[in-house]
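Engineer: Quick one: the structure is below, and I'll ask about it shortly.
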Amino acid sequence: MEQSDGLPRQPVNILVVDDMPQQQVVMRTILEDLGENVITVGSGREALKAVLERPFAVILLDVNMPGMDGLETASLLRTYRRTASTPIIFVTAYIDESEMKRGYALGAVDYISAPVVPEILRSKVKVFVEMHRMHHELLLRAEEREAFVRAEAGRAAAEQARQRADFLATASHVLTRSLEIETTLQRIAELAVSELADLAYVGVRGIGEFTTDFVVRSARRNLPDEPDFAAFQSGTLARIFPGVNRFVHRLLNEDTLDVDSAEVDCVSEAIGEASAVEDLRHVSAFPLLTGSQRGVIVLGSSQATVPAEQATLRQEFVSRAAIALQNALLFSAIRDGDRRKNEFLAMLAHELRNPLAPIANAAAVMRSAKKGDAEVMRWASEIVGTQVEHMVRIVEDLLDVSRIARGTVALRKEPVPLSIVIGRAVETSRPHLIRRSQTLTCDEEAVDIVVDGDVVRLAQIVANLLNNSSKFTPQGGHISLTTRFADGTATITVADDGQGIDAAFLPHVFELFAQADASLHRSLGGLGIGLTLVRHLTELHGGSVQCKSDGLGKGAEFAVRLPGTVTERNTPALAPVVHLNRRAATRVLVVDDLVASAQSLEALLTIHGYVVRCAMDGESALNVAAETRPDVVVLDIGLPDMTGYELARHLRQGDACPKALMIALSGYGQEEHVRQAMEAGVDHYLVKPADPSVLIDLVAARNEGQDFDGIVAT
């Protein structure tokens, strides 16, 4: 026999319960033709035991048995889970109506009178056997279907898990292929739209301008078309998704917000279809970075809800994106540090060469001077002494940076009146202010402010701020120095009306070697360590320093705050100090913003019989050239208002001295600088400190009508 599905039919179990052995034999004989397993027992107790061992398709139960009769046995069988619905056929020699009702109440399906008719018995039992078999087959098929569904669901889940893993692996690979910040941001947005969303805006605060951002949209959807993050935030987010917009605003603008907390893990917002903007119905915002660098990625979807597994995938992707962006930022910081180091080394070479040039010139003047010319010797010794002091200050600044880095700065603290500190600082900075004809206005508090500190280091802090303001303030500019006391804090403020500080550079102004513009056009000297020393020395005194500027061309303000006390004023406050320009003198045109260098060249050339005029910047040089029409121009490359290259071009293209001999004298010795000078019309390029005899020979050759091929002396 086979089942309907082609498999061999399995026999089912039939239980016969009768206390008479001969009746058991009769029942077994009648039912054997059905081909099923017929099991006989002689009592109700044995029946209860048998149903615990195996399932039965039908139970034939004798009603009249000693001990536990058939009705009681049926009642107990119905309490078993396995036999609660098993068909029971009662077999009895006589049918009592009350017993029949009781039997049917117990779930009996039929009554058969004894002696039984074989054909009737087989027919009735067969019906229940087939019903049992069909029910069993249905259960098997249901289980198979359930198993199949589970397997398919498992395969689908496994496939989705594989796809998620593949996407994350691809994302990790793509995001690690570049360490450029903008490339990383663009790839984050592109990857997000390829798998996670229909729209992705990525914005980061603190890189270059306030926000660097990228947007990527799915071509399959009608989505908002705001061109950048700022427009998207003030447009769609503000109007339709205010909750996400508030989160994004806080994330990008509140420095006190703890972006590592669960509070800002992710913010999502959905809208109904009737109010949807184009196809955008759901947005989620995730923080990308921590600390001073703040970033956010906003993912938009056309679906009102995001499945749980998709939400998990988004979180995992954002984690990888944040790591990739942090790596790009670290690489950028390392690269910027390396660039600043190289710029610092180039500037250090320039700063050390600058004082060497007047020293070399002074030595040449001393050699060329007439014997016993005390005035020339005195002048030359002053030049040498001044420039040696300048070099000592450079070396001391470098040593201070090293001491601070190693934590070996020793402060000799004592109560110091702030007026003494201010006086020393002003005297230190006086030469800078005089040289640039700048006005310094001092406004001190009416009481004596006393701070606990090292008077030398405190004066160094204020002098560095004054020198910095002087450097970045034009000729004739104004600088103010103010002291105030409030709530146990002394505040020293240095403000100027100079070139100001770009907002992007403002956070880096106190970093080591940081310079807002390291190009030759800046031409203001310095190593980029003065403000770093100000910050560290201030912090060593338990204070703080801040910088403010409204932008380029709008000046800058530095405020140092130190713990202090006040006493009655015993020393007079400094009055406003006004300094006027020195008067430039005489003919060959020498252009150098370093006064000592210009003066020493003037003396050297004057001793050799040349008429010399000096100019300290490009504009003055053009005016002097128009007035004197020089035959020789000796110019520095680094000038405060224009580069030496630009000045050379102006002179070559103008009417004053288009054919003059032009000699560049600069602290910059790289090949690129030489090439640019020659392209601008410079005839010879000498690197400071140049051999004075070479300069004299070049000028002398011009006077004698000789001509040298372009000389480059490094």
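All residue numbers here begin at 1 and follow the chain in the order shown.
Just so you know, glycine gets a Cβ as well, placed from its N, Cα and C.
Unlike curated records, TrEMBL annotations are generated automatically.
Feature list, courtesy of TrEMBL:
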| type | residues | note |
| --- | --- | --- |
| DOMAIN | 13-129 | domain 'Response regulatory' |
| MOD_RES | D62 | 4-aspartylphosphate |
| DOMAIN | 347-566 | domain 'Histidine kinase' |
| DOMAIN | 587-703 | domain 'Response regulatory' |
| MOD_RES | D636 | 4-aspartylphosphate |
Engineer: In the domain 'Response regulatory' (587-703), how many residues does DSSP call helix, how many strand, and how many coil?
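Structural biologist: Computed counts for the domain 'Response regulatory' (587-703) are 55 helix, 20 strand, 42 coil.
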Engineer: Per 10 Å Cβ neighbour count, which of the modified residues D62, D636 ranks highest?
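Structural biologist: Result of the Cβ crowding comparison: D636.
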Engineer: Could you give me the DSSP helix, strand and coil counts for the domain 'Response regulatory' (13-129)?
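Structural biologist: Reading the DSSP string over the domain 'Response regulatory' (13-129) gives 53 helix, 26 strand, 38 coil.
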Engineer: Write down the Cα-Cα distance for D62 (4-aspartylphosphate) and D636 (4-aspartylphosphate), rounded and given in Å.
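Structural biologist: On Cα coordinates alone, these residues lie 127 Å apart.
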Engineer: Would you mind giving the whole-number mean pLDDT across the domain 'Response regulatory' (13-129)?
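Structural biologist: The average pLDDT of the model in the domain 'Response regulatory' (13-129) works out to 88.
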